[in-house]
Amino acid sequence: MGTSAMNKDNLNGSKIAQWKQKELFFLVAYAFVFYIIIIVRSLQLSRDHYSKLYGLRQGWLIPNYLNDMSDAQWRNFRGNIPVLTLVFGIFTLVANLTRAFLNLKVGGMSIVWLLFSLAYLVYLHGACVIFILSIATVNYLLVKIFARKMYFPLVIWNYNLFFLLCNRIYEGYSFSIFGEQWKILDGYRGSFRWHICFNFVVLRMISFGFDYHWTNEDSHFDHEKHYQRCHICKSGKSCYQILQERSLQSDKFRYSTYLCYLVYAPLYIAGPVLSFNAFASQLDAPQNTYSVRNVICYGFRWILSLLLMELMTHVFYYNAFAISGLWKQFSPLDVFIIGYGVLNFMWLKFLLIWRFFRFWSLINGIEAPENMPKCINNCHNLEGFWKNWHASFNKWLVRYMYIPLGGSQKKLLNVWVIFTFVAVWHDLEWKLLSWAWLTCIFFIPELVLKSASKAFKAKSAFGEFIFRELSAVAGAVTITCLMVANLVGFVIGPSGINWLLSSFINKEGLPVLGGLLMTFYVGTKLMFHINEAKQMSP
């Protein structure tokens, strides 16, 4: 009986493998046709309606093509790439020469970087540096005074949330509120609004406080289990997770190191976010995860990504369509194409911004987490998407919010608190709160299904097939929900929900909606094949 059952399992396994090969061929063919349709239709829309769009500028990459520069954030970053490259090049040269000739460790390097970073801040914010240093100094004193108290989390969170909200409400304050004699400083506010960048400073101030608070406490982190699984640590190097979880001695939490961490030039404007423990550890011993060759390749890949963005904005005017509102006059299929294109544009935009600053940080010996480790088109569940979108922020949220709030035991409650904070952290706008709460609503069924799937164990090949199909259907629904939530939060706002729904819930839109769900189902199945191939690779 045992031999017969084994032969039957082998036969079923062989049939499943053959079916998967045929399925993969169909999935790839479907995806190929899908993207051909998307590209051809996008080109036609851009060519037919470019004269009605605003935000287009004279192009340079392709003759006679305009360039979509309608996104202010991308326009400002792209225009400042030469200046930022010069500034960070000088910063890197000075820092590395100083480290090499003077053999500086934590204290010395923090002072060198602090002086340069403060000069950079004065260029960006002018006299408003006074606000940054004042708020940061009071936070440091609160940490040192209350860090050993049980109510420390209440103190540090209330203080930082207070200034996070006030900075936005009062638009960075005015010096004149302190008296007429200070009014002259309002004429020297720099070229960049300080309270926008201060959102990241708030995250760093909280990180410093809790890393100091936890120095004498037992860590929840299982170092031994991590070393067994982490290929970086097995090779004798220290991965970011170890740098973050390894407690530092109290003397590393000095004021100069703290300020250097808050205003460290390469990561100051946009991150990525890293913990104080990880930052201070690398001041003493620069990162060794990336070799010089790896860093050069990283920079070269960034240049290729920039060229891809330039090509995309020259031929596809997705963001201009969304900004102008012209897409509201289009058919449901065209609305989907533009919405899908806008989300891909946003992903590539943030990838370029975050990787530019991370590249300069790596050159200076400080490794920060990668913010976009996975392509936006390779995520079929909400949890995986948010772990791979603003990944460094996600790590911060897990360490300083999710685990202290109870972790997986209170996950259904935690997501509401965390996403509300994320929305407020970005800005005080109803559309961001709508995005946060929509995401939480979509999270609930996914969490319930995941809990159920862990308890379910397929006992036959047919059972595995059914489970795989149901997972693909769930993935299609999740991708649709992700698109809706992100379009509401970052493009159309809550007032556009009715328009978006009415575009697809009608006689013309329902077949398109069905086609989209089918396409996302196919995409999810492709992701399954990609994940399985990765698991099989050595």
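A Cβ is built for glycine as well, from the same backbone N, Cα and C atoms used for every other residue.
Checking the ranges 81-102, 191-212 against TrEMBL, the transmembrane segment annotation falls on 81-102. Among the ranges 151-169, 512-530, the stretch that TrEMBL annotates as transmembrane segment is 512-530. Looking at 24-43, 81-102, 255-274, 337-357, 432-449, the range that has the most CB pairs within less than 8 A of the transmembrane segment (512-530) turns out to be 24-43. Among residues of the same chain six or more beyond the transmembrane segment (114-138), those with a C-beta under 8 A of the stretch's C-beta atoms are 87, 91, 94-95, 159, 163, 172-173, 175, 185, 188-194, 197-198, 201, 205, 256, 258-260, 262-265, 268-269. The transmembrane segment (470-492) shares more Cβ pairs under 8 Å with 337-357 than with any other stretch in the list 24-43, 255-274, 295-317, 337-357. Same-chain residues lying 6 or more positions outside the transmembrane segment (432-449) and placing a CB less than 8 Å from one of its CB atoms are 381-383, 411-412, 415-416, 419-420, 422-424, 426, 474, 478, 481-482, 484-486, 488-490, 493-494, 497.
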